[in-house]
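*Asks:* My questions all concern the structure below.
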Amino acid sequence: MYLALLVIFLQCSELYSQKRVFTFNTVDIKVQPSVKVKNGAPLSITCHADISKSTDFQLKHNFTVFKDGKLVFMTVSDKRDARYEIPVARSSDTGDYECTVEAGGKTKSSNSLHVWVTGMTKPILTAEKKEVLEGEVVKLRCELPEEVPPLYFFFRKMKMNSTPKEKSVFESQRNFSVVEFPVEEGDNILQFDCFARRNVKLEFESSEHSKKTLVTVREPFIKPTLNVKPSSNITEGDRIQIECSTVVARMRDIEIILQKNKTILNSVRDEKLLKYSAVATLEDSGEYQCKVEQGRASKTTKLNIVVSELFPKPILAASVIKLDENKELTLSCSINGFQKANFSILRKNSNADIWLKNSKNLTMRVNVNDTGSYICKAEVKGIVKESKPVTINVYAPVSKPTLSVVSGLPEVVLGKSLLLICRSVMGTPPITFTFYKGNKIKETVVNDTYATFLDENIGQNDKGGYRCDAKNNHSSGMKTSNILNITVIVPIKNASLGSVPYGEVEDGSETVFLCSVKEGSWPIRFRIFRKTDREVLLFEKNENAHRVVWRREAMNRQDTGTYYCMASNRANVDVKSHPITISVILAAWQKGVIAAFVLILIAGAVTLTLWWLLCKKKKAKGPSMEMSGSALATNSPNEKLTRQHNDGDYYSGSGYIEGSENHMKSTDESKGPDLESAEVEYTEVEVSTLDPHRAPVQKGTETVYSEIRKANNDSVENRHSRLQGHPDAT
């Protein structure tokens, strides 16, 4: 039963939800009476929602109105329209409006609509004081209570018969502004007003002007009075007195200043009267100004004073202004139309003028030190006037100039520039120097004591003919230097190095090196170097020639290496040759000595080898020869010779000498001196080569040895019989 009720409820809910379907078609916003209304007029903004429904059912609508993105109105209604009423529109209501409608969980917004409320409210202007003193300030406040920033405020200060003065202030955060206007001299009744502007869609809109505000100005002191005595016909030498006075309401901080052409002559403080006195001169003519100041207040009175000339400035005349030394100069001082004056003539000096004479005229014989400016002074009734200066130039004659090369030596490298200097030791400047090359004027220079001339790109033919002239304003005229001849130095070109012999040199022999250049001015500095692991200077010589020869005696193995030469002259350019390689080899006699030494070594080695072989053979036949020694001791020399030729039965070798030493010693001891001498003779016998067809030597030796052992008593007889039996016994 409950399940059935649940199913019925769900079906009913589904049918109910299907019947309450709706959708927003559009949301519109409208303004009445129009999107542009005047300030103060009523304004109505209507928001309308166009909705489509599946059935006719009630729907709650939430209406929201925004201005420039800020919420200004909100309401809930079951109607499709909502109205936002503004009874009195102000400029602050200008902006972009937008309407948003929310219903049943759905939301839709209208397009933006711009509303412009034209015109601005009238600003309100207030002044902090209605009455002020000169020098103070007027503080003003301009306000638009019903407007919103940003706003531009404009203030105006107006007075009779004057153009208004205006100040502007931009306020970005507030709807009012405050400014100050200074109260100046001459201000008495002032009027002020203000207005405002705002920027709407790149257009400026202005408000009405505020009501005028009246401000009264009082003077803190009256305009000063300026008096001069005597008031007229002031002449040089008269004493003038100037007075400046005022009337003040408050004495504190008041100041009176007297000026002439912006120069302060005198001043007083906290007083009502200023006095100034002086002896009048022509320079005292001009405009005088008396100024009274207190705080910001200032008042000025001007007065023009004319001082008549008592006498004109004196005039100094010179008999001549340019003259030679030791000549006579006359200076005369005079005043046009005036004779009664005290005259003096002076010479100008940076520290103080030098007095020369109290007179109208001065005559003197001058020297160079008298060059300078001269003046004269005239005094009448205490008034002293000075003439314009007259410049006198006294000239000493120039001495004969000297022409030289700035670098010192009268020489120059080919293609380089030559700088000459012409100097005159004596002579009053300015001096005019003229340079000649040959007979052609190259340059003229005006200087004090010297001048320079640059001759560029010197050629090989530019060797002489330079001179210079010097002259000044002296009557003696021009002086000429001696002619200067220049040596043109040709730089070194193409250095080369050769040797004889070239390449390979025998040890101990002589080698000749030749270093030469293609061209270059003499003397030339030649240097020859050898380069192995380091560079070594071997030879150096200065030659007045384009080549130099160097003989190297007794070359050795240490002289092997790379050689090159360098050449230079006064052009100071080192020119290096191409390198050559020298190898020191053995001399012929050294090779012969080495060959002979090698041959001697080989011969010695062969001799030692043969001797060793001989000794070995004698060792092998040693026992037989020992036994035969005693028998031979009694034999005649003929028998010894016979035995020497018959060598078929004996084998003699080195083994006999070495291996049978002990045995032979015993034999020698038994046989005595005769046997010992026989053995010496026997050892000198050469043994012939064995016949290969005969019996082995070892057997023969053993047989003989055994026979000697058996016949020890008659060994002499056996040996004799055996020698006779040798084929060579006869």
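Using N, Cα and C of the backbone, Cβ positions are placed for all residues, glycine too.
Annotated signal peptide per TrEMBL: 1-17, in sequence order. The domain 'Ig-like' annotation in TrEMBL covers 224-306, 312-391, 401-485, 491-583. The transmembrane segment annotation in TrEMBL covers 593-615. The feature region 'Disordered' is assigned by TrEMBL to 625-730. The annotation compositional bias 'Basic and acidic residues' is assigned in TrEMBL to 660-674, 707-720.
Tell me about the setting of these features in this model.
*Replies:* The predicted model assigns the domain 'Ig-like' (224-306) a mean pLDDT of 88.
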*Asks:* Select the range from 224-306, 312-391, 401-485 that forms the most Cβ-Cβ pairs under 8 Å with the domain 'Ig-like' (491-583).
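*Replies:* Per the Cβ count, the answer is 401-485.
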*Asks:* Could you count the residues of the domain 'Ig-like' (401-485) that DSSP puts in helix, in strand and in coil?
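*Replies:* Going by DSSP assignments, the domain 'Ig-like' (401-485) contains 0 helix, 43 strand, 42 coil.
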